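Undergrad: Would you mind keeping the following structure in view while I ask a few things?
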Ligand SMILES: Cc1ncc(COP(=O)(O)OP(=O)(O)O)c(N)n1
Ligand SMILES: Cc1nc(C(=O)O)sc1CCOP(=O)(O)O
Ligand SMILES: [Mg+2]
């Protein structure tokens with residue numbers, strides 16, 4: 001299942017000297033199991049062009065491409081899914097427009113939000129921020145590994161941990177029983193993206209093998 005791995009989220013402004021496509025392709029070469037376009041700056045036309053290019057790239061690597069926030073862009077490029085936040089397009093309305101075969105993920109910060117997300121038919125939840133992050137301005141309070149563990153224990157759909165996830169804390173995050181992890185800065189700002197992604201994947205696998 002793609003949610004059981006490394007979900008890489010874009011942040012073009014963090015790598016001004018490398019293109020969006022080269023960064024995301026390096027992530028895929030390193031083993032990313034899903035990619036998301038997260039872009040708070042571009043207008044709709046540019047978003048559609050970037051999303052279309054990433055959808056085609058993801059298809060070549062046979063992983064899902066998820067569009068953040070913009071359901072209309074997801075529909076325009078036939079993305080594999082959309083990720084919405086608590087204040088974004090309502091999940092139940094998104095499902096009516098996207099149908100049951102597309103992926104819908106939603107951000108959650110508490111066990112109550114996670115339970116509601118599952119009841120409303122989310123395919124996965126993003127749970128965070130686990131740790132402090134500088135990649136998003138308006139985050140909720142850090143939930144820590146204990147908060148993450150609590151969320152994981154209350155839902156059966158896959159939980160993807162997000163927020164401040166680095167190589168040096170991934171083993172602790174993975175030990176909570178999360179399905180996978182979503183990462184921005186540690187990957188897109190890396191000088192060796194492919195190797196960094198491979199290392200994330202190794203740590204996830206090692207932790208799972210140790211904990212069975
Ligand atoms: C996998 C994943 N989890 C959480 C988020 C955050 O979504 P949201 O709360 O809507 O915040 P923005 O990313 O839109 O600023 C995410 N994008 N992906
Ligand atoms: C996009 C996003 N959403 C979060 C949430 O808690 O919902 S934290 C976050 C930023 C994650 O970036 P980094 O891996 O650089 O910390
Ligand atoms: Mg959002």
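Every residue gets a Cβ built from N, Cα and C, even glycine.
The domain 'Thiamine phosphate synthase/TenI' feature in TrEMBL is assigned to 6-187. As annotated by TrEMBL, 4-amino-2-methyl-5-(diphosphooxymethyl)pyrimidine binding site applies to 36, 37, 38, 39, 40, 68, 107, 136. Here TrEMBL flags 69, 88 as Mg(2+) binding site.
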Undergrad: Given residue 107 (4-amino-2-methyl-5-(diphosphooxymethyl)pyrimidine binding site) and residue 69 (Mg(2+) binding site), what distance in Å do their CA atoms have, once rounded to a whole number?
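TA: Counting only the Cα atoms, the answer is 11 Å.
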Undergrad: Among 36, 69, 88, which binding-site residues lie by ligand 3, judged by Cβ under 6 Å to any atom?
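TA: Checking each Cβ against ligand 3, the ones under 6 Å are 69, 88.
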Undergrad: Restricting to the chain of residue 88 (Mg(2+) binding site) and a gap of 6 or more, list residues whose Cβ falls under 8 Å of its Cβ, or answer none.
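TA: The list for residue 88 (Mg(2+) binding site) reads 69, given in order along the sequence.
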Undergrad: Counting every protein chain present, what is the number of Cβ atoms, excluding its own, within 10 Å of the Cβ of residue 40 (4-amino-2-methyl-5-(diphosphooxymethyl)pyrimidine binding site)?
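TA: Result for residue 40 (4-amino-2-methyl-5-(diphosphooxymethyl)pyrimidine binding site): 10 neighbouring Cβ atoms inside 10 Å.
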Undergrad: Cβ under 6 Å from ligand 1: which of the binding-site residues 37, 40, 68, 69, 107, 136 qualify?
TA: 68, 69, 107, 136
Undergrad: Running a distance check here. Ligand 2 versus the binding-site residues 68, 88, 136: which have CB less than 6 Å from one of its atoms?
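TA: Among the binding-site residues listed, those whose Cβ sits under 6 Å from ligand 2 are 136.
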Undergrad: By a simple count, how many Cβ atoms lie within 10 Å of the Cβ of residue 136 (4-amino-2-methyl-5-(diphosphooxymethyl)pyrimidine binding site), its own Cβ left out?
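TA: Summing over all protein chains shown, residue 136 (4-amino-2-methyl-5-(diphosphooxymethyl)pyrimidine binding site) has 16 other Cβ atoms within 10 Å.
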Undergrad: Once the chains shown are all counted, how many other Cβ atoms turn up within 10 Å of the Cβ of residue 68 (4-amino-2-methyl-5-(diphosphooxymethyl)pyrimidine binding site)?
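TA: Other Cβ atoms within 10 Å of residue 68 (4-amino-2-methyl-5-(diphosphooxymethyl)pyrimidine binding site): 22.
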Undergrad: Tell me, by DSSP, whether residue 88 (Mg(2+) binding site) is helix, strand or coil?
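TA: For residue 88 (Mg(2+) binding site) - judged by DSSP and reduced to three states - the answer is coil.
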Undergrad: Taking the Cβ of residue 38 (4-amino-2-methyl-5-(diphosphooxymethyl)pyrimidine binding site) as centre, how many other Cβ atoms lie within 10 Å?
TA: 17
